[in-house]
Amino acid sequence: MSCPICGRKTETASRPFCSKRCADVDLARWLGGGYRIAGEDAEESLPDQEPDGAGPESRH
């Protein structure tokens, strides 16, 4: 198995990465928005009103 970040052979302790450094690079990409999962934007997928007629602002 090769590391998805640098392509080197992976180490068992860090699998699927070759090292902690490559695992950290991958995490930074996720946190920075470098990777995205296809789907609807969160704002577009929220309903305008709850089923009971209360808007999202009325619930605290």
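In case you wondered, yes, glycine gets a Cβ from its N, Cα and C as well.
Annotations in TrEMBL come from automatic prediction, not curation.
Over in TrEMBL, the protein carries these features:
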- CYS3, CYS6, CYS18, CYS22: Zn(2+) binding site (BINDING)
- 40-51: compositional bias 'Acidic residues' (COMPBIAS)
- 38-60: region 'Disordered' (REGION)
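For CYS6 (Zn(2+) binding site), applying a Cβ distance below 8 Å and a minimum sequence separation of six or more within one chain yields CYS18, CYS22. Annotation for CYS3 (Zn(2+) binding site): spatial neighbours LYS9, THR10, PRO16, PHE17, CYS18, SER19, CYS22, criterion Cβ-Cβ under 8 Å with sequence separation of six or more. Highlighted in sequence order, SER2, PRO4, ILE5, GLY7, ARG8, THR10, SER14, PHE17, SER19, ARG21 have their Cβ within 8 Å of the centre of the Cβ atoms of CYS3, CYS6, CYS18, CYS22, the residues recorded for Zn(2+), and are not part of that set.
Other C-beta atoms found within 10 angstroms of the C-beta of CYS22 (Zn(2+) binding site) number 20, with every protein chain shown included.
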